[in-house]
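See below for the structure under consideration.
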Amino acid sequence: DTDRALVLLEEYCKKLRKPEEQQLKKAIRKVMGIFKSSLFQALLDSFKKKAARHGTTSHTSLSVALACDVLGYPKD
């Protein structure tokens, strides 16, 4: 699901061309870097394991939910 979030964010970044959108583009690129980091992946794995133990798993991962919220896309 992180890969899906990265694709959505990359698509959105491609649309940001105006000078006033460059700060947003930079912030999104930072988020993308975080999603790609090994630390984020380890935290996400830990979160998924804890959620599975407590029976609180869902169809949408944390990263995809965040990307969808930022971009205004439906989560499913």
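Quick reminder: no glycine exception, Cβ is built from N, Cα and C everywhere.
Over in TrEMBL, the protein carries these features:
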DOMAIN    1-58  domain 'L27'
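Residue counts for the domain 'L27' (1-58) by DSSP state, with H, G and I taken as helix and E and B as strand, are 48 helix, 0 strand, 10 coil. For the domain 'L27' (1-58), the predicted model reports an average pLDDT of 87.
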